[in-house]
Amino acid sequence: MNVGTAHSEVNPNTRVMNSRGIWLSYVLGIGLLHIILLSIPFVSVPVVWTLTNLIHNMCMYIFLHTVKGTPFETPDQGKARLLTHWEQMDYGVQFTASRKFLTITPIILYFLTSFYTKYDRVHFVINTISLLTVLIPKLPQFHGVRLFGINKY
C-alpha cells in the first residue's frame, strides 16, 4: 500500500517520456545548452557543436543507461530495481514513439555537428564514438544485457 501517492502507474518511470510537452522541453534544453556554450568567449563554433553533442550524449548515457531503479517506492516487488531507465520506459516495449524520439535525437544532433564542424577528422571521430556509445545500448538486442558485468548490480 502506497500512502500519499497521487499517480496511478505502478512505476511512473515507464510513462514520463510520454508526458505533455516533454519532447519540446527536451529539444529546447539542447538548444539552451548550445546557446550557453556559444556565449563562452574564445571558443570556436566547431568546438561548441562538438561540446554540445558530447555533453548531450554523456547526460543521455548516464540518465538512461547507467542509473537504475526508480526514485519512487513502487509496489512492483523490486522489479524496477535492476532495470535502467531505458529498460523501464514504456514497460519495456520496443519501438514506441518515445524510444524512437530518443534514438533519432542524437542522430540528428550528430548530423548537425558533423555539418557545422565541416567534417573535420578529429571532431568526426570524437562525435562518432560518442554517438555509438549512446546508440548501441538502445538496440533491442541489448535489453537487460550488462557487458563485462558493468552495472550488473
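The backbone N, Cα and C atoms fix where each Cβ goes, and this holds for glycine too.
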Margin query: From the topological domains that Swiss-Prot annotates, would Lys79 and Val145 count as being on the same side of the membrane?
Written below: yes
Note to self: Using a 10 Å radius around its CB, how many other CB atoms surround Pro137 (hydroxyproline)?
What the structure shows: 20
Notebook entry, point to check: Near the transmembrane segment (43-63), which same-chain residues lie under 8 Å Cβ to Cβ, leaving out any that are not at least 6 residues past its ends?
Noted result: 30, 33-34, 37, 85, 102, 106, 109-110, 112-113, 116-118, 120, 123, 126-127, 130-131, 133-134, 137
